[in-house]
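Let me begin by presenting the structure, written as structure tokens, before commenting on it.
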Amino acid sequence: MKTIFSGIQPSGVITIGNYIGALRQFVELQHEYNCYFCIVDQHAITVWQDPHELRQNIRRLAAKYLAVGIDPTQATLFIQSEVPAHAQAAWMLQCIVYIGELERMTQFKEKSAGKEAVSAGLLTYPPLMAADILLYNTDIVPVGEDQKQHIELTRDLAERFNKRYGELFTIPEARIPKVGARIMSLVDPTKKMSKSDPNPKAYITLLDDAKTIEKKIKSAVTDSEGTIRYDKEAKPGISNLLNIYSTLSGQSIEELERQYEGKGYGVFKADLAQVVIETLRPIQERYHHWMESEELDRVLDEGAEKANRVASEMVRKMEQAMGLGRRR
């Protein structure tokens, strides 16, 4: 059985973009693959985090993973900082990565642009991400387009390590879903929907109530033409809404174009709002159940225990290959 690894930062907000692009497919993948789903809290502290808020967000994210349908009997759900091997492996990989490779990362350029000072952690984020993936002999990493460059660097580091120290790592592949992988902002459909957008109208969260969802979709940017057809270049706003509708309803974009032929944006948006509300309602109910349940800690304890067994063994092999410590 092939292995999948995926990590999400505990930022406190999960958008429907995250749900469609990642979480939703995780639920299907867990039955076909050996899956590790990681709450990457060490990645989160590359920028300042309020400690109390971070700890709350870790718990909330775990509850959201379970609420969308991750089954702890089928997949391993754990917190990155509870598995020390991640930081240990990241240091070893930092020692074989080049500064130039890290500085070329698009995300580093974007996040450091215009800032007087940036943390070293922001620059060395990719080796930690590579460690996350390589520790579990990962075959497949489901990611959005924006993470492709990091996976390419992970592959380079795995190949470099294998060449220098002997075959140890599986070379992972990125899996980018074709439909709905890149859900765009509701206020600027040329940009990806992001939880860090300063305008809350730009995204819908997993926990938004019905009224908020209706308002956000009603105010979503479209165009003045008024016809419901998919054209990413000329009609990015309505194309983005069609993408959301198609992915959540299971109807093809062609079916939706026929269904709404001759109908206005108002009718389409009202129907889409109901599709989103009905999709999120059971998730929200399960989320509140998990947040109030002591079972959540048991799931995370078991996940950390399982991940530690696998990851610590890989770190031992890495250290042995690099000549660290004593041979036992």
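The backbone N, Cα and C atoms fix where each Cβ goes, and this holds for glycine too.
Summary of the site annotation: Swiss-Prot records ATP binding at GLN9, PRO10, SER11, GLY17, ASN18, GLY144, GLU145, ASP146, LYS192, MET193, SER194, LYS195, SER196. Screening the candidates ILE133, ILE183 against this entry identifies ILE183 as the one listed for that site. Sequence-distant contacts of the motif ''HIGH' region' (10-18) (same chain, six or more residues past either end, CB-CB distance under 8 Å): 39-41, 44, 53-54, 56-58, 60-61, 64, 182-184, 192-196, 203-206, 244, 248, 276, 280.
Under DSSP, GLU145 (ATP binding site) is assigned to a helix (H, G or I) in the three-state scheme.
Helix, strand and coil residue tallies for the motif ''KMSKS' region' (192-196), in that order: 0 helix, 1 strand, 4 coil [DSSP]. Secondary structure at ASN18 (ATP binding site), as computed by DSSP, is helix. Spacing of GLN9 (ATP binding site) relative to ASP132 (L-tryptophan binding site) is 13 Å (Cα to Cα, whole number).
Spatially close to MET193 (ATP binding site) yet at least six residues away along the chain are THR15, ILE16, GLY17, ILE183, MET184, SER185, LEU186, ALA202, TYR203, judged by Cβ distances under 8 angstroms.
Highest local Cβ density among the binding-site residues ASP132, GLU145 belongs to ASP132, counted as other Cβ atoms within 10 Å over all protein chains shown.
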